[in-house]
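For 40-60, 82-104, 125-145, 172-192, 210-230, 233-253, the entry in Swiss-Prot reads transmembrane segment, with the evidence type sequence analysis.
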Amino acid sequence: MSTQLDNITSAETAPDYLDEVPDDVEMSLFDHLDELRTRIFLSLGAVLVGVVACFIFVKPLVQWLQVPAGTVKFLQLSPGEFFFVSVKVAGYSGILVMSPFILYQIIQFVLPGLTRRERRLLGPVVLGSSVLFFAGLGFAYYALIPAALKFFVSYGADVVEQLWSIDKYFEFVLLLMFSTGLAFQIPIIQVVLGFLGIVSSEQMLKGWRFVILGAMVLGAILTPSTDPLTQSLLAGAVLGLYFGGIGCVRLLGK
């Protein structure tokens, strides 16, 4: 009888298997800093390679990004303006192309400190984050940018001729695309917060009024244009993602 009680007690006091950190190795602060420095240098080197590679093929990228503007003509208003635009496009594209490698370096740095339970969430979070980011880029390219440009062109069509600075155009397009990609990460943040038990799905749902206000503010901040149509489209997408994130958290039972 006493042996059975001892077994029950030991089973209750044993650490949960999912909460264990596998292959836990003690490292000093300097070891962590050295590894962080190595990961950063590898990521920066990869970005540099990606930027150079994208710069070689930058003209097709520029032409592809000009498609939403339709028949609008672009001007180079200063010497070297198109060159610096090309560098900017290559920079954004290089980071995007090398983002899987950068993400891999981040995972390798944080992985040793994660429990088995947390590692089970890592794969779906990384995959979902990547899919949502590229979905955000596509939403901006195919929906937000054409809507904003159509508004601007039609608003002044009978007053001014549409001749745009190529630098200002690409600043608008690149900023809108990447800010939309970041805004599409909202469900991932919700899932992580729900999984960690910081916020429940009920708490997320109770604050829907503040979420609507926050979505409108976020749409105004993230869109470089000031037209209400683009801001409303982005705000609507943010709201849809937020309530979709609540559904995902509920599926986790949180």
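For all residues, glycine too, the Cβ spot is worked out from N, Cα and C.
Fair warning: this is a prediction, and the values are worked out from it, not measured in the lab.
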Maximum Cβ pairs under 8 Å to the transmembrane segment (40-60) - stretch from the list 82-104, 125-145, 210-230: 82-104
Distal contacts, the transmembrane segment (210-230) - CB-CB under 8 A, six or more residues away: 144, 147-148, 151-152, 171-172, 175-176, 179-180, 182-183, 236, 238-239, 242
